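Here's what Swiss-Prot has on this protein:
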- 1-18: signal peptide (SIGNAL)
- 24-124: domain 'SRCR' (DOMAIN)
- C49-C113: disulfide bond (DISULFID)
- C62-C123: disulfide bond (DISULFID)
- N69: N-linked glycosylation site (CARBOHYD)
- C93-C103: disulfide bond (DISULFID)
- N96: N-linked glycosylation site (CARBOHYD)
- N102: N-linked glycosylation site (CARBOHYD)
- N125: N-linked glycosylation site (CARBOHYD)
- 153-221: domain 'BTB' (DOMAIN)
- 260-360: domain 'BACK' (DOMAIN)
- N362: N-linked glycosylation site (CARBOHYD)
- N398: N-linked glycosylation site (CARBOHYD)
- N540: N-linked glycosylation site (CARBOHYD)
- N569: N-linked glycosylation site (CARBOHYD)
Amino acid sequence: MALLWLLSVFLLVPGTQGAKDGDMRLVNGASASEGRVEIFYRGRWGTVCDNLWNLLDAHVVCRALGYENATQALSRAAFGPGKGPIMLDEVECTGNESSLANCSSLGWMVSHCGHEKDAGVVCSNDSRGIHILDLSGELPDALGQIFDSQQDCDLFIQVTGQGHGDLSLCAHTLILRTNPEAQALWQVVGSSVIMRVDAECMPVVRDFLRYFYSRRIEVSMSSVKCLHKLASAYGATELQGYCGRLFVTLLPQDPTFHTPLELYEYAQATGDSVLEDLCVQFLAWNFEPLTQAEAWLSVPNALIQALLPKSELAVSSELDLLKAVDQWSTATGASHGDVERLVEQIRFPMMLPQELFELQFNLSLYQGHQALFQRKTMEALEFHTVPLKVLAKYRSLNLTEDVYKPRLYTSSTWSSLLMAGAWSTQSYKYRQFYTYNYGSQSRYSSYQNFQTPQHPSFLFKDKLISWSATYLPTIQSCWNYGFSCTSDELPVLGLTTSSYSDPTIGYENKALILCGGYSVVDVTTFIGSKAPIPGTQETNSSKTPSLFPCASGAFSSFRVVIRPFYLTNSTDTE
């Protein structure tokens, strides 16, 4: 009776003011029954793209607003272009949904069009004669309060933390039965259930159970792994999927790298190959700061073995990579076999002869693996001192192998930093979190002239090639620097050279996309003289978004990396 009384009291509570996610409205029409379609999400209104827009989609809008049906589904900003984000694109409804938010689409704020394609509708003037008082917005909080009260329960839950203390809670089967995600609990036989939970996840169990009532939960960087684990174990598929998508968002938000490392171990333990690949990719792009962090010495051997073969591994130089491996293996007491496998992945030809010579004096690993180092050094010295034509004639070296190609070397020898705009104090502080530096060129410029060697071989040490790198945010800036751009590709990065290039050398140049001045969230390739800049949620462009979202909403800077390699099919080698 107390439960029914509480629910009846809830129905008398006035609704809160303001729109809710999924609410819709019509704007800029000649009457209330027509206009540009706008939908509310995360505190603001935005428009809907007309891709795939049809009468079924329009019916959903009109019926939700109290009209009988839609008479027209209009496209091409028939009621004028809107402002703000484009909330939905490629919407496909059956016509029976309560909101466009419940229809199939590309997802919130993922769009391939601009406001010139805003969707509109014309609804029938006759309303259904129905007036709706909707207080349902208060229901999640009211149900959550029922769980918080821990009274009048008919299901008792004993949560055991595997020797780290138990937790006694209770629930209401009547409410749980309304939520398909709670089946694992309400289908139990009897009035009690035991939940066995990892000790580290005990603090989030109460929030997890409350979610079955309110269908709302706050997920943080510290709780996402446990909530994903609980959702997976108890069949809460919506929560499981939500947490899975959040992993990609949370990876760049921890400058200590504890979260990416924990998620990597979790992915391995659960067999989640997608999450594992994401963790490896993020750590490869941010390898340099990882080696400077306290967490470096706790990186598992399997992860380092997965990182070292990658060409898209961002580090100041190959020598610094080897020194980091030396530090890690010494501190962790890695086995002889593990060290040998790691050293085999080092690209010795990417180190200069002087650096190779000094390894025997400066590297702890050298004496224990002397034969391996000597063999690798001799192979590298051949690469540095023998011209390509002679190597091709007398050696069966496969110069297309990764060992003869550079990684993403971020030192000033091979790269230059471009700013997207004014350098903020906050970004500078973030970059000083670690002692490494991304270069000493003018940090405040969106245009850089710099020089690099033509090739990593010592034969080209004094043969420099000049580059000009530019951040191009507008058509006018493209014209100013001699680039041909379209509005769809802006902003874009430009890279040109005014120097003669050896016909036996090719370039696969890259751009590191930085968020907050310190975290690499994507890497793009220069095709010709331009490299695309990914889209962000804030810009809401038709561009593919960065692999890892930028929490600040805009990219702070870009590191242009020059990557030369031998063209083994060049006629000059014959």
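Count begins at 1; order follows the chain as displayed.
For all residues, glycine too, the Cβ spot is worked out from N, Cα and C.
As the structure is a computational prediction, the values presented were derived from the model and not from experiment.
For the recorded positions N69, C93, C113, N398, a Cα to Cα distance of within 10 angstroms from C62 (disulfide bond) holds for N69.
DSSP assigns C62 (disulfide bond) to a helical segment in the three-state reduction.
For C113 (disulfide bond), the nearest neighbour among the listed recorded positions (C93, N96, C123, N362, N398), judged by C-alpha distance, is C93. Take the Cα of C103 (disulfide bond) and measure to each of the recorded positions N96, C123, N125, N362: the nearest one is N96. On the backbone, the CA of N398 (N-linked glycosylation site) and the CA of C49 (disulfide bond) stand 50 Å apart. With all protein chains in the displayed structure included, the most crowded Cβ environment within 10 Å among the glycosylation sites N96, N102 is that of N102. Distance between Cα atoms for N362 (N-linked glycosylation site) and N102 (N-linked glycosylation site): 62 Å, as a whole number. Long-range Cβ contacts of C49 (disulfide bond) within its own chain (separation 6+, distance under 8 Å): I86, L88, D89, E90, V91, S111, H112, C113, K117, D118, A119. In the predicted model, the domain 'BACK' (260-360) shows an average pLDDT of 96. Cβ neighbour count for N362 (N-linked glycosylation site): 12 (other Cβ atoms within 10 Å of its Cβ, all protein chains included). In sequence order, L56, D57, H59, V60, L100, N102, C103, S104 are the residues near C93 (disulfide bond), counting only same-chain partners six or more apart with C-beta under 8 A. The Cα atom of N69 (N-linked glycosylation site) lies nearest to that of C123, taking the recorded positions N96, C123, N125 as the candidates. Least packed by the Cβ count within 10 Å, out of the glycosylation sites N69, N398, is N398.
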